[in-house]
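Q: Before I ask anything, here is the structure I am working with.
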Amino acid sequence: MEIFHQAIWLIPVLPLSASMLSGIGLLTFRETTSDLRRLHGALAIGAMALSFVVSLGVLWNQLHGIAPVRWIIEWMLTDTFRLEIGYWVDPLTSTMLVVVTSVALLVMIYSDEYMHVDEGYVRFFVYLSIFTTSMLGLVLSPNLVQVYGFWELVGMCSYLLVGFWFTRPTAAEASQKAFITNRVGDFGLLLGILALYWMTGSFEFASIADRLGDLLIAIPSLRTIACIACILVFMGPIAKSAQFPLHVWLPDAMEGPTPISALIHAATMVAAGVFLVARMFPVFDQLPLVMELIAWTGTLTAFLGATMALTQSDIKKGLAYSTMSQLGYMIMALGTGAYSEALFHLTTHAYSKALLFLAAGSVIHGMEPVVGFSPMQNQNMHRMGGLRKYMPLTAMTFLLGTCSICGIPPLACFWSKDAILAEVFATHPTCWLIAWLTAGMTGFYMFRIYFLTFEGSFRSDLGRAKPKESHLGMVAPLIILAIPTVAIGSLGTPFAPVWETFVHAPGQLSSLDEEFDLAEFLEMAGSSVGIGLLGISLSSLMYRNYAIDATRISEYFSPLNRLFASKWYIDDLYAQVIVQGTRTIAQTLLIFDQRIIDGAVNLTAFGTLSAADTLKYWENGRVQFYILSIIFGVLFGSWLLTTHLSSL
C-alpha cells in the first residue's frame, strides 16, 4: 500500500487538472464545450473519484501504523529566510482528505442531475473542482504560509460559487458580503502569522509550538504579545467558520446553488476554520487566555445560531443557522481541550449536514414545478407540508439527518456531541450549561423544519403538478450519505474508542487507559438526549399535532420572537454602524474633496485666468500706449528708489 503515499500529490492535482481542462475549453471553444457539457461533468466526477480512492489508501496506511509523511521542497532560500512548500500527512490530514473527497464526490454526482439544465453547468463544475482542490491543498499544507495561500483560494471560490447566479441581485450582494466579511478575518490571520514568525522565526506548525514554548519560559513578558498574535490568527477561523461576531455571511451564502451550500457547510469552507484551530492547537494550548476566548466564542456562537434558527421560514437558512450552531460546538470543544471530540464532531456533522442540504435541494427541486423558481417560494417551508407522501426517500433520509443532528442515539452526531458535552462539563460547567440548553433548541428547530416540510397537508395545492421524488442521480447520493450518518459514530463510542486512538492532539496520548464509567456515561448521555427529546416533543406539539398554537406562542413572546427573527439585530447594527458609517465618511470625504481640494485648485486656476484676462488689455498693439506705460513705470520706479534712499 506504499503506492498510495507516493501518490498523495495526485489528490489535489486530479480535480485541479479537470477544472483546468474544462475551464480552458470554456474560454476557447465555448459552444463545443457546452455541447459536451455532460462529458465535462463526468471528467470532474471521475477525477474526484480517483482522489477519493487515493485518500482512502492514505487513511488505510495511517490506520495501520505508517508514520506521518512530510515532503517539502525549498521554494525561497536566503541567508535569513527560508520558505518551504510541500505536504504533511498525519491522522488529522488523512481523515480530512477522506471527508472532503467523499462529500465532494457525492455532491458532484448530485450536481450532475441538479444542474443539468443550467446554462452555467460547465462553469459550475470548474468552480466546484477548484473549490475542492483549494480545501485539499489547505488540509495538506505543512506550514502557515501555504495554509494562507489556499485559505484565500477557498475564499475566492466561495465568492464565485455563492454568486454563481450573478444576475440575481441578492446572489451578487451575498457573494460580496461573504467575501468582505472573510477579508476582515483574513487580515487578522495574516497579521497573526507575521507576528508568530517575528517571535519564532518559523512558519512550521510544530516549530512554532516548540519555539514559542521555549520563549514563554525564557521571557515571560512575551506572553501578552503571544496572546495578541494567537488571537489575530484565530480571527481567520472566526470568519471562515462563521463564529460570532463574523457569522453574518453564512445565511446569505444560501443564495448559491444548493449543492454548493452542502459542500460549504459540510466539508470545505466552514470546516477550514475548525481545521486551522486544530492545527494550531499545540500553540493555543500554551496560552490559557486564548483557549478561554476560543471556548466562549464557540459557546456563544452555538447558542446564537440555535436561537436564530428557531424562527426561520427558509429551509436552507434554517439549516445554515444549524451549521453555525454546530460549528460553535466544535470551536467550544477545541477551546476546552477536547481536541479529539471536536474533530469527531466535525466528521459526523459533515456527513449529516451534507445529507440534509442535498435533501433540501431535492425538496426545492420538487417544489419548483408547483410554486416556481423564486427562492422566496420554493424554499419557504410555509408553502410546503405533506411532502413525505410525494417524496418518501427524500423524507426518510432528511429524517435520518435531522435525528443525527439532534443527537438521537445511535446515530453519528449523538456520539460526538455527547463526547463534547461530557468533556466540557468537566472543565467549563457554565459553557456546558449553555451548550446543553442549545441541544434542546436544536431538537426543537430541526424537527420544526422536518414537520413543516414533510408532515401535515400540502400547503401549495394550486391545482398544478404535484411534487415528485427526485431523479435517481439526486436520490442515490442521499441514500449513500445516510450510511455514514447512521454508522460512522460507531468509531467513537466509549466502549470501543477507535477514533480517539487515531486522532488526538500532537504530543498527547489517547485516554484509552482511563476506565470506562458506565454510570457517568449514562448520566451525561441521558441529560443531552433528554433535553433534545424535550425540544422534539415541543416541536411535535406545535407543528405536527397542533396541540399548541405556534402563532399564539410567538405573539406571547413577541419581543423574543422579534429578537430572534431579526438575528439579534446584529446585521442591522453592522448595516447602520459599519456600512452606513463607511458611506457617511466616504460622502464627507467626497464633499471635502470637491469643495475644499478641488475648490482650492479651481480658485488658483480662476485667479490665473482673471489675471491673464486683466493683463491682456495691456497688449493692445498701440505704440503710444506702450511708451506711456514705460514712462509711468520709470516714474514709479524712481519714486520707490527715492523713498528708499531718503529713509536711510
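Using N, Cα and C of the backbone, Cβ positions are placed for all residues, glycine too.
Below, the features straight out of Swiss-Prot:
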type     : residues : note
TRANSMEM : 7-27     : transmembrane segment
TRANSMEM : 147-167  : transmembrane segment
TRANSMEM : 189-209  : transmembrane segment
TRANSMEM : 215-235  : transmembrane segment
TRANSMEM : 258-278  : transmembrane segment
TRANSMEM : 289-309  : transmembrane segment
TRANSMEM : 327-347  : transmembrane segment
TRANSMEM : 354-374  : transmembrane segment
TRANSMEM : 395-415  : transmembrane segment
TRANSMEM : 472-492  : transmembrane segment
TRANSMEM : 518-538  : transmembrane segment
TRANSMEM : 625-645  : transmembrane segment
Q: Contact between the transmembrane segment (215-235) and the transmembrane segment (289-309) is defined here as three or more C-beta pairs under 8 Å separated by at least 6 residues; is that satisfied?
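A: Contact between the transmembrane segment (289-309) and the transmembrane segment (215-235): present.
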Q: Among the recorded stretches 7-27, 147-167, 189-209, 327-347, 395-415, which has the greatest number of Cβ pairs closer than 8 Å to the transmembrane segment (354-374)?
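A: Stretch with maximum Cβ contacts: 395-415.
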Q: Which bits of the chain, at least 6 residues beyond where the transmembrane segment (215-235) starts or stops, bring a Cβ under 8 A of a Cβ in it?
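A: Same-chain residues near the transmembrane segment (215-235) but 6 or more away: 184-185, 187-189, 191-193, 195-196, 199-200, 246, 276-277, 280, 283-284, 286-287, 289-290, 293-294, 297.
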Q: Taking 3+ C-beta pairs under 8 angstroms (sequence gap of 6 or more) as contact, is the transmembrane segment (395-415) in contact with the transmembrane segment (189-209)?
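A: As far as Cβ distances go (cut-off 8 Å, pairs 6 or more apart), the transmembrane segment (395-415) and the transmembrane segment (189-209) do not touch.
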Q: If you count every Cβ pair below 8 Å, which range out of 147-167, 189-209, 258-278, 327-347 shares the most with the transmembrane segment (472-492)?
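A: Looking at each of 147-167, 189-209, 258-278, 327-347 in turn, the most contacts to the transmembrane segment (472-492) are made by 327-347.
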Q: Tell me if the transmembrane segment (518-538) touches the transmembrane segment (258-278). I count contact as 3 or more CB pairs below 8 A, with pairs 6 or more residues apart.
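A: Counting Cβ pairs under 8 Å, fewer than 3, so no.
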Q: Please indicate, using numbers and ranges, the residues of the same chain that are 6 or more beyond the transmembrane segment (147-167) and have a C-beta under 8 Å from a C-beta there.
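A: Contacts with the transmembrane segment (147-167): 120, 123-124, 127-128, 130-131, 133-135, 137-138, 141, 174-176, 178-179, 182-183, 186, 189-190, 193, 236, 240, 252-253, 255-257, 260, 264, 268-269, 272, 276, 279.
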